[in-house]
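Novice: Below, the features straight out of TrEMBL:
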DOMAIN    49-139  domain 'ATP-cone'
REGION    151-176  region 'Disordered'
ZN_FING   3-34  zinc finger
């Protein structure tokens, strides 16, 4: 590792720690020549993965393309840099776990949407609108209806939970 201050090619690692999502290693280093201290972040990189485009073309996997698409969806949303990094790492982890030499863009899009839905629902809708090429407002309504249950659906779920709880309590009191 070259020192960023003097470009000397020998540094000493003072401390190593796993990142929060455990897919990167942060190392605290010092230059053996000028004593400059700095940190490095080592992340796993997906190699030898081809992405199959919608038209059948194949191209090398690019983390920056996922970052760009997700970043556009998250524009002006209250998401921190750390949450963004974790989101991208989670998407990549799910891609990596598939352990295949090729993946379709549609699969990457579905994985990204699944992760976005957990982080920010507005960003999820933005991403889905581009990814699924919404043609009119009805497409938006349909996607939003999948996210937010209506009041009627919520109240029926609550009633079912209350009934289940009261049945459990009734059984518990009868056994005494």
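Placement of Cβ uses the backbone N, Cα and C atoms for every residue, glycine included.
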Novice: Do you know the DSSP helix, strand and coil residue counts for the zinc finger (3-34)?
Specialist: 0 helix, 16 strand, 16 coil
Novice: Would you mind giving the whole-number mean pLDDT across the domain 'ATP-cone' (49-139)?
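Specialist: Averaged over the domain 'ATP-cone' (49-139), per-residue pLDDT gives 92.
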Novice: With DSSP helix as H/G/I and strand as E/B, how many residues of the domain 'ATP-cone' (49-139) fall in helix, strand and coil?
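Specialist: DSSP classes over the domain 'ATP-cone' (49-139) add up to 57 helix, 9 strand, 25 coil.
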